[in-house]
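These notes are about the structure you will find just below.
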């Protein structure tokens, strides 16, 4: 038997190009390809200003998608994130308009804490309905999607909710338009959120549990993992990410309406899947997700800058991307 | 050695020198089997003797590695995947192949619906269903939903399905496992009726009394080899049991070390009941290897899962070193140092798409965590240690569990469970589906763990394993512990007597 030989070989295991997981690399390769295509289409595209703009605009979807990476890795799905953005943003603006705290800075701080708590609570509701209520996450979050959206419409009475305090507006503006050491704040926040998320997913006990639950919840249960708690916390993380996106969204326009965040859930899911996370759970790729969000925004940008494809086809293009991404993933799985 | 009956009916289906290997492991060795027209033929053997494989080969679900199959005396190659039904060979599976949301008539004609001008001819199909059910004396409504039927009725529908396909040969794999005594009697009446009309049955069962009652001839397999074929009238339960197990013990097992009689009792289970297990009590001493034997479905796994907190208890107490463990609480059981190793390593034990490290430390991540940070170096060190300790042999250290051999997967699973440093380990089917060499290694690991002062419960359907390893053996049957054997009492014959219901422990 070749058993001895095997043991010897295993000890001198070397890293070869074959060890590189093609699925993990594919989104980054696609991003690089898009950059090249963009540069050919329009020389202005590759400029630092344009790229920074694209990255800034992708911030909302990117941050939400980071949360979605957790939910999807745990084998669930959250369709309510778009509505949740509108709902949490409405609550936050109404809170700031209420004037319960006189000092603008203090008021803003309280509003931020309030928004984060609201996001976490919305996520917790999703999590409890799915786990304790034992309802398919697709259905549960389809329900809360309607609820959050409906509550927003009711709060705004069908119109817009606008931040009224000019002092707070002035104070809050840099949160979207400012920059830290030359890096636009939204980009800095994307990177920070992603770094923290990657740490949690890859380097903590909880992250390992998320992947185990998404990969095979029976194995997780037999390993003594509280499956429902892991899933619920993933939904809360999703809620927190939505809240962070709201914190960037509110200073941008200073206003929300019942149509805020429509179809964002689909874009977030697209970003996650394009980034290489398996929709059936069990493999999370946080950096891939960010890459996926950039790809979505870049494609739109290239279409705008080029003259030969109408920008009205952006939606169709994004739809095509998700299908192509799945096909590429499938073929890579087969090869490995 | 095979006495011919005077007026032997013609042979319908015959297996000649059939051998079969699965990925290098031979499970059937040149087996002969013949089935006559209008007979009920029992196929007997221990778990793993090769009965299921032979049934699969004779019904076309598997192809033999060598040997030939004769239908009506002519060599045939049975078509795969149930297409042999067209030849009149039907298999009734242990798990029903019935869709709960269809009606009885729809189930009977599933996949071969009768149409008129392209439209389903429901009237004809209902009438035909009625006719077949009447033939069986079965009063189920043809329009009833499968989901609304009792298990016995489902079994009858399965049989009706076989009849409606003009079956000449029907394989029944443990058909009575889920039936009550009355339902069994009813089934047997129908089977005899069909036999008298010329249908042949192959009856696979562990229940010796039923085999004696129903069948005309018996064929016994042991370790993949043909042992004997004889008319049932010439045998009794004892002699069949003897034929099934008659085997010598090999040197596969390490020497037993018995714990002292006054050694501390570490685990005590007191009148445990779940929806299936009834009133099961046992205790384990420090350093002891306690075996749990019994037929598949006798409730061993249910009992162990209830003890380990993976399944709620309806009643009963589990105490570990004097501390009561609440029902359905895995964490509490783990904290008390009890670990359960599942028999379903692919479905419940390992993350097949993850590597060895993620699998090894999944249950013990706390050991590698400081301030929330999971230390990869510490994990790698654990893996290195586990690979040496349990001799896990893989070519590539980053291999995902799916690509490892069964033996290596089993060693990895054992290593994973041992990472939590449990004092009591319940090992369910320690060597299912692995080769003999690895089996021997695992037996030695288990023995070494016991010598270390850990207590081990070995649940196994392979009797030699339980006999070779354990100093005490509990036998379960139909959810109850029916026997507790010690010392010289531990033999295959004795276990078989309890497991088949021929003998029962006097009520304590």
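A Cβ is built for glycine as well, from the same backbone N, Cα and C atoms used for every other residue.
Here TrEMBL flags A:20-42 (among others) as transmembrane segment. Sequence-remote contacts of a segment are chain residues at least 6 beyond its ends whose Cβ falls under 8 Å from one of its Cβ atoms, and for the transmembrane segment (A:20-42) they are 274-276, 285, 288, 291-292, 294-295, 298-299, 301-302, 305-306, 325, 328-329, 332-333, 335-336.
Per TrEMBL, the feature transmembrane segment maps to A:54-72 (among others).
Feature annotation from TrEMBL assigns transmembrane segment to A:79-99 (among others). Residues 60, 64, 67-68, 107-108, 110-111, 114-115, 118-119, 122-123, 126, 138, 141-142, 144-149, 151-152, 155-156, 161-165, 168, 238-239, 242-243, 245-246, 249-250, 254-266, 268 of the same chain lie 6 or more positions beyond the ends of the transmembrane segment (A:79-99) yet place their CB under 8 Å from a CB of it.
What TrEMBL lists as transmembrane segment is A:105-125 (among others).
Residues annotated as transmembrane segment in TrEMBL: A:175-202 (among others).
The transmembrane segment annotation in TrEMBL covers A:230-250 (among others).
Outside the transmembrane segment (A:262-279), and at least 6 residues removed from its termini, the chain residues within Cβ reach (under 8 Å) are 23-24, 26-27, 30, 60-62, 64-65, 67-69, 72-73, 77-83, 85, 145, 285, 287-293, 295-296, 318, 321-322, 325-326, 329. For A:262-279 (among others), the entry in TrEMBL reads transmembrane segment.
Annotated transmembrane segment per TrEMBL: A:286-306 (among others), in sequence order. Sequence-distant neighbours of the transmembrane segment (A:286-306) (same chain, 6+ residues past either end, Cβ-Cβ under 8 Å): 24, 27-28, 30-31, 34-35, 37-38, 41-42, 44-45, 50, 53-55, 57-58, 61-62, 65-66, 68-69, 190, 194, 197-198, 201-202, 267, 270-277, 313-314, 317-318, 321, 325.
Marked as transmembrane segment by TrEMBL: A:312-333 (among others).
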#### Entry: Non-local residues, at least 6 beyond the ends, that sit with Cβ under 8 Å of the transmembrane segment (A:175-202)
52, 55-56, 58-59, 62-63, 66-67, 69-70, 73, 210-211, 237, 241, 244, 247-249, 251-252, 284, 286-287, 289-290
### Message
Cβ under 8 Å, sequence separation of at least 6 from the ends of the transmembrane segment (A:312-333): give me the contacting residues as numbers and ranges.
### Response
22-23, 26-27, 30, 267, 270, 273-274, 276, 278, 292, 295-296, 299-300, 303
### Message
Quick test of the contact rule: Cβ under 8 Å, at least six residues beyond the ends. What residues does that give for the transmembrane segment (A:230-250)?
### Response
59-60, 63-64, 66-68, 70-71, 73-76, 78, 81, 84-85, 88-89, 92-93, 112, 115-116, 118-124, 126-128, 130-131, 163, 172, 175-176, 185-186, 189, 193, 197, 200, 206, 209-210, 213, 220, 256, 260
